[in-house]
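Worksheet: one structure, shown below.
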Amino acid sequence: MKQTRGEKAFQWFNYLFLSVLCFTFLFPFWRIAALSLNEGLDASRGGINFWPRKFTFDNFAAVFSRSDIMNAYAISIGRTVIGTLLSIVLVSLMAYGLSKQRLKGRGIINVMLILTMFFSGGLIPTYMLYKSLHLLNTFWVYIVPTLYGAAAVFIFRSFFRAMPQELEDSAQLDGANDLTIFSRIAVPLSLPIFATMALFSAVGHWNDYLTAVIYTTDEHLLPLQTLLMKVMNINQNEAGNLAYGVVNLNESSRRTVTAESVKMAMLIVVVLPILTVYPFLQRYFVKGVIIGSLKG
Amino acid sequence: MQSVWNNRYLYLFVLPGVVWFLVFAYQPMYGVLIAFKDYDIIKGVFRSDWVGLAHFRELFGSPNFEVLLRNTIAISLLKMVFGFPAPIVLALMLNEVRSRLFKRLAQTVSYLPFFVSWVVITGIWYDLFSVDGGFINQTLASLGIIKEPIFWFGNPNYFWGMILASDIWKGIGFGTIIFLASITSVNPELYESAVVDGANRWRQVWHITLPAIRATIVLLFILNIAHFLDAGFEQIYAMQNNMVLDRAEIIDTYVMKVGVFRANYEIATAVGLFKSVIGLILLVSANFIVKKFGEDGVF
């Protein structure tokens with residue numbers, strides 16, 4: 001196909017524009033990484049954008065020497081693993097049940113789920129509910145309220161519906177019950193959607209900072225993101241006005257470490273786990289998003 | 001009953017979920033009643049005394065409310081007008097890329113900020129836009145565009161712009177997934193016959209691609225409208241600070257501060273309920289209008 005001059009110009013512009021755009025997505029992360037690997041005092045002179053000038057791991061050593069950060073790490077990992085596993089198991093089971101015609105009362109349950117997508121009680125009634133359930137200031141406030149979600153149920157359901165009925169029928173003839181059919185046939189055939197939903201659930205847990213701000217006051221329950229917010233002193237509202245000295249908390253680290261350089265290292269520490277995982281799961285989640293946004 | 005017993009596993013699969021939704025989704029809906037009550041912790045929601053619309057009158061009469069509503073609507077409107085079409089434009093541009101490798105690379109890179117929390121994004125943007133040594137101020141100064149560094153996050157005049165820009169930056173790449181998928185499902189014969197008719201690329205986009213993905217656009221737009229008053233709780237709470245509060249306080253952040261931190265449950269619930277009801281009305285009317293124009297609605 002022959003290209004006109006206008007089309008060629010457009011192609012050039014398109015590649016250029018997209019390259020610049022990609023730069024804006026990458027560079028801010030890159031700059032933080034460079035700063036985190038540079039001596040803090042030296043970095044405060046400015047001018048570090050692409051490469052560290054005085055390379056060091058001291059900032060990371062300072063981050064990991066703080067007991068509150070290790071504790072927050074444990075909370076974050078704990079809630080991500082437990083929350084994701086429980087949620088995926090429960091949601092997929094419910095979706096499997098709802099995907100079968102045999103289940104009477106399906107219609108009512110569907111309506112019940114759909115309504116929750118468009119109307120909710122809001123923050124305060126929710127807060128009061130957690131209070132009466134004694135979920136406030138417990139680890140379980142991170143897990144229990146996020147176990148189910150209507151959208152997740154529907155995404156799983158549409159996946160299970162698309163499975164060939166014959167597989168189930170023949171398994172049933174062999175005497176398998178629904179639990180066996182689910183775990184031996186449905187789950188192995190739906191691994192892509194399990195991977196997608198697990199990724200999103202895990203990302204949601206890992207990135208959540210508001211739950212802790214709203215529902216906890218116990219410092220031992222702070223997940224990494226909420227602690228990061230306090231360390232960075234990002235938000236000086238009621239919940240975040242605890243003065244957090246970053247450096248004076250650990251005498252062990254050298255003098256070259258500054259509050260600023262520790263913040264940069266902590267940003268990297270918080271982001272790294274996700275950045276190493278998502279490119280590998282891209283294939284799956286693209287598929288998952290497409291299924292999820294189709295109706296039904 | 002026989003069929004229930006035969007399918008007992010299926011019912012067991014679904015049962016915990018039903019209980020969960022009743023407790024965690026429907027109990028708070030019932031709790032909304034305290035917006036109309038003089039809530040007494042000892043009496044509970046059910047037995048507290050009714051006060052009718054008193055809390056709403058107090059709310060609508062307070063000068064705070066005007067600011068809240070203005071900020072929430074302004075930020076939402078900006079996101080809808082500029083934020084919603086952004087991924088569509090990017091998807092159309094990505095679709096014009098001939099090199100498969102470049103396209104995949106660009107997509108992977110553009111998804112990156114989506115997977116990062118608002119706290120981290122705020123940290124990164126604070127660094128990027130900081131007054132001393134921030135990359136943006138540095139660059140603008142070296143290009144001679146500004147003389148004094150600009151206090152991007154501390155100036156109320158820039159706050160909405162910063163919110164909009166960071167929101168688009170975080171979500172644009174990920175938002176393209178669904179549009180790219182519906183673009184690739186367009187029948188290629190349509191383009192071939194358009195080329196025969198002498199249509200250039202612009203006309204192909206305008207007359208084939210856009211109409212083909214119209215249903216997707218409309219559907220996502222309606223779903224967006226339902227959450228119109230959300231404005232972005234996670235983002236704005238992370239990015240707001242006391243210097244810009246006059247532009248940065250939205251309904252959700254206010255509800256949290258007044259309700260949770262100051263334990264003023266009734267007023268906070270009334271604001272929250274106001275927001276939910278407006279959202280529901282917007283959803284239903286958008287759906288109605290869209291159906292009038294012959295598109296598929298959400299329901």
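Just so you know, glycine gets a Cβ as well, placed from its N, Cα and C.
If you look up TrEMBL, you'll see B:9-29, B:73-93, B:105-126, B:158-184, B:205-229, B:267-290 marked as transmembrane segment. Summarising the annotation, TrEMBL assigns domain 'ABC transmembrane type-1' to B:69-286.
Within its own chain, the transmembrane segment (B:105-126) has Cβ neighbours under 8 Å at 90, 94, 97, 153, 162, 166, 169-174, 176, 180, 234-235, 238-239, counting only residues six or more beyond its boundaries.
Tertiary neighbourhood of the transmembrane segment (B:73-93): same-chain residues 110, 160, 163-164, 167-168, 171-176, 179-180, 183, 205, 209, 213, 217, 220-221, 224-225, 228-232, 236, 250, selected by CB-CB distance under 8 Å and a gap of 6+ residues from either end.
Using a Cβ-Cβ cut-off under 8 Å and counting only residues 6 or more beyond its ends in the same chain, the transmembrane segment (B:158-184) has close neighbours at 74-75, 78-79, 82-83, 86-88, 90-92, 94-95, 107, 109-114, 116, 118, 121-122, 125, 129, 150, 152, 209, 212-213, 215-217, 220, 232, 235-236, 239-240, 244, 247-248.
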